[in-house]
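In what follows, a single structure is set out as structure tokens and then discussed.
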Amino acid sequence: MAAAAAARAVPVSSGFRGLRRTLPLVVILGATGTGKSTLALQLGQRLGGEIVSADSMQVYEGLDIITNKVSAQEQKMCQHHMISFVDPLVTSYTVVDFRNKATALIEDIFARDKIPIVVGGTNYYIESLLWKVLITTKPQEMGTGKVVDRKVELEKEDGHELHKRLSQVDPEMAAKLHPHDKRKVARSLQVFEETGISHSEFLHRQHAEEGGGPLGGPLRFPNPCILWLHADQAVLDERLDKRVDDMLAAGLLEELRGFHRRYNLKNISENSQDYQHGIFQSIGFKEFHEYLTTEGKCTPETSNQLLKKGIEALKQVTKRYARKQNRWVKNRFLSRPGPSVPPVYGLEVSDVSKWEESVLEPALNIVQSFIQGHKPTAMPVKMAYNESENKRSYHMCDLCDRIIIGDREWAAHLKSKSHLHQLKKRRRLDLDAVSATGSQSNSPDCDPERIEGESSGQHNQELKASV
């Protein structure tokens, strides 16, 4: 294969900061259902590369259908890594564990003069490989020698109490996190407890590194080639509905039943099932929970209704997840602030009948340009970063008794029906109070029209200050 030979035989020349030119780290982004695995396999075969999966659920053994793993036959066509190697009962596998193993694999692939192709839908896993953004903490051990994930332990506590403790040890980070965001609050507390250094201080140090930016440290590998597969939302929604139907036809229910019998029955009998950690957070478990736990214990009609309910829920949550993935790409890749932001090349995948000319050939041309040290002829996707917008600003709405994090969210809240309803209610109360005292005073301070105007003016000022 000429392409594979070209990929391995990269000549030495001046390149990134005077270093030898390096092979690219190919990264394929995209929502579920866009064909990321297909493109990765095609590029891997043509370029002699190896595929590194970046999917937080595919690391676990089992549930091959619901986690949409590539088949055993496809894995034989091109070397795949980071699939089916964690015991399903492990609930403490983290992005740090993933990063440590995956970066070592990538460095080994580079050392063998091959191209690593990172592909998957867990975008924060991909971020951990592209940028130096994670903080490594030391796991704690119990007296029995059992390793304990402190973050998981903290998440069992009350969210407001956790946030109060974080405010005492790291007020800067606490001001950026909502008390309901228990995972992030617990993570920040874990960092402080296990290192003695506040989470915000760690982030300041990362930002101060050469190449660092507001979202973390510098690039980990010097020559990333990022491809983003995207499709028309209506087309993708239809495709995802069909994917669920195909998964059902492939044996999804039997896979869930078997896994449920082996791993989850004991937890359910003890009322300790956990759909927040490990493989049990896979899309599909929660949606079919009621169907699986009542199967054989209710009438066929009821069971069939629960099955239909689970199928519809699975389709809806899959489509919501695809939207979330695209938002992450736009916010964390396309409009990422800072100096170490590589270009992202978009590939339109709405019409699969034109895959060869619209996706595969352009992708090959882009990667080959990186291999040869040339700038691709394709134009990268760009989105402007709004420097004035603070996504972690703290706002307290006394009217609604709510904490809002982020300028955009605050502006949206001020325009929301719930806030406007509370504002209207407050105005009525103010006017009623004025009317009650009106007979006792003719002071202009008690003029209802003036109070109404001031209330409207105050709300308008809030909007102007927040938009």
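Glycine is treated like the rest: Cβ placed from N, Cα and C.
Looking at 313-331, 351-369, 370-388, the range tied to region 'Interaction with substrate tRNA' in Swiss-Prot is 313-331. Per Swiss-Prot, the listed range annotated as region 'Core aggregation region' is 221-230 (candidates: 81-90, 111-120, 221-230, 391-400). Of the candidate ranges 48-52, 63-67, 148-152, 183-187, Swiss-Prot annotates residues 183-187 with the feature region 'Interaction with substrate tRNA'. Non-local neighbours of the region 'Interaction with isopentenylpyrophosphate transferase' (233-255) in the same chain are 31-34, 63-66, 68, 284, 288, 307, 311, 314-315, 318-319, 322-323, 350; each lies 6+ residues outside the stretch with a CB under 8 Å from one of its CB atoms. Remote same-chain residues near the region 'Core aggregation region' (221-230) are listed as 15-17, 19, 21-31, 34-36, 39, 106, 129-130, 326, 329, 333-334, 342-349, 359, 363, 366-367, 370, 381 (criterion: CB distance under 8 Å, separation of at least six residues from the stretch ends). One residue stands out among the binding-site residues GLY33, GLY35 for having the most other Cβ atoms within 10 Å of its Cβ: GLY33. Straight-line distance linking the Cα atoms of THR122 (site 'Interaction with substrate tRNA') and THR34 (dimethylallyl diphosphate binding site), rounded to a whole number, equals 14 Å. With respect to their backbone Cα atoms, LYS36 (dimethylallyl diphosphate binding site) and GLN206 (site 'Interaction with substrate tRNA') stand 31 Å from each other. The dimethylallyl diphosphate site is defined by THR32, GLY33, THR34, GLY35, LYS36, SER37, and by the 8 Å test on Cβ atoms against their centroid, the other residues of the chain that qualify are GLY30, ALA31, THR38, GLY121, LEU229, VAL349. Annotated pair THR34 (dimethylallyl diphosphate binding site) and GLN206 (site 'Interaction with substrate tRNA'), C-alpha to C-alpha distance, rounded: 33 Å.
Cα of GLY35 (dimethylallyl diphosphate binding site) to Cα of GLN206 (site 'Interaction with substrate tRNA'): a span of 34 Å.
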